[in-house]
Amino acid sequence: MSSSYNTIALSSTPTFLLSSAAAGPGPNNFNRQEAAMTMVQQQPTSSVAPPPKKRRNQPGNPNPDAEVIALSPKTIMATNRFLCEVCNKGFQREQNLQLHRRGHNLPWKLKQKSNKEVRRKVYLCPEPSCVHHDPARALGDLTGIKKHYYRKHGEKKWKCDKCSKRYAVQSDWKAHSKTCGTKEYRCDCGTIFSRRDSYITHRAFCDALIQESARNPTVSFTAMAAGGGGGARHGFYGGASSALSHNHFGNNPNSGFTPLAAAGYNLNRSSSDKFEDFVPQATNPNPGPTNFLMQCSPNQGLLAQNNQSLMNHHGLISLGDNNNNNHNFFNLAYFQDTKNSDQTGVPSLFTNGADNNGPSALLRGLTSSSSSSVVVNDFGDCDHGNLQGLMNSLAATTDQQGRSPSLFDLHFANNLSMGGSDRLTLDFLGVNGGIVSTVNGRGGRSGGPPLDAEMKFSHPNHPYGKA
């Protein structure tokens, strides 16, 4: 009874002393607080620190008293070091050889454990440039020196069938084969990695690429043109992507694409479908001319890149190669009109339909009320002499190829607005304005003698009056 009472008194003493010390200042408060802190610190501890375990030396840090053994590469790489003198059978361990000698009735003995402390052995790497060739960095295990030599200086003969990794030690290959393919790190882009470090490196690059693409959204205009049959065929060259900027379409009042907007093309769209009308919807297996459609003065900002000097002189329409066939003579799909449609809008810029048989497409396009007036007005700033030189070259090329002279049976309704007469500079075909243009761009003769007959009676001094 008294013992339990003493225990309760001892357990409650610190609390009582602390509360008394906190009650207020007094002559004995400091001594009581110091005694309470001493009792708290003197609580018995039952845990005793265990003695440190003896650990073996780390690889490359041998015991200074160990015996240093240097083996040759041939000895290290030998699979069977211990040979039987009777049958020349080899064994990896001496104990196995001794057990084998029993079968030959030869004296044998196994190593017996002695009470004497055995001196440890360390092994040097035979490669002079290796760090373990130094006795201070020798390896303390015969199997360890063998694996080290195979891994660092030997041939990797073991190959994984799943990931094609090669190993020099068979145990390493077996350990890898058990885990190969079980751990997969899959990136959002679809790439699969078996190693985490490779996955982290790839993921950092992949995320950076996604962020860069999100900050700079661009339209791959070359890819869009290539999807329609090739960029060069439709007139997209090196400077096309820079010329097709937003300033050329919506913000530049002097842009050469003003007639397209007036003809019904919506050029103020979002970036995703801004170039929808300029991408061909159907491919043409026949290669077209390599020049772009139109080119005017440099201040009009058109999409023109020429590689022939003819474009610099004519300024409006680029002639193709003389070896091209009839329907690829001009890259004039801008003025194209289909035979099975009565729509009056301007067709696709780069579509080369099957019904545009050569120069007749130029006639139909230029005489249509929806395209000729707009195009002529827009190109009113071009030099009138360029237009004259253009028509002269057209006639010369046509005469060389033996094509129909009706190509030049043209009549511009807005020629008066350009400061000229009611016809072009020279009536080099003797037509005298005999063309009637319908609304849908289908032109025809309104009467009079055939064109061939008129050309026979044309002015004899005219350079293009002869058939």
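A Cβ is built for glycine as well, from the same backbone N, Cα and C atoms used for every other residue.
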Problem set entry | Swiss-Prot annotation of region 'SHR-binding' - which of the ranges 169-181, 195-207, 273-285, 286-298 it falls on | 195-207
Exercise. Looking at 123-153, 216-246, which one does Swiss-Prot call zinc finger?
Worked result: 123-153
Exercise. Of the ranges 82-104, 381-403, 427-449, which one does Swiss-Prot list as zinc finger?
Worked result: 82-104
Exercise. Excluding the flanking five residues on each side, which residues at least 6 beyond the ends of the zinc finger (82-104) place their CB within less than 8 Å of a CB in that stretch?
Worked result: 110-111
Problem set entry | Which of Cys187, Cys189, the listed binding-site residues, has fewest other Cβ atoms within 10 Å | Cys189
Problem set entry | Neighbouring C-beta atoms (10 Å sphere around the C-beta of His202 (Zn(2+) 2 binding site)) | 15
Problem set entry | Neighbouring C-beta atoms (10 Å sphere around the C-beta of Cys206 (Zn(2+) 2 binding site)) | 14
Exercise. Around the Zn(2+) 2 site (Cys187, Cys189, His202, Cys206), what further same-chain residues have their C-beta within 8 angstroms of the site's C-beta centre?
Worked result: Asp188, Gly190, Thr191, Arg203, Phe205, Asp207
For this session: For the region 'SHR-binding' (195-207), jot down how many residues DSSP puts in helix, in strand and in coil.
Result: 12 helix, 0 strand, 1 coil
Exercise. Quick one: what's DSSP say for Cys187 (Zn(2+) 2 binding site), helix, strand or coil?
Worked result: coil
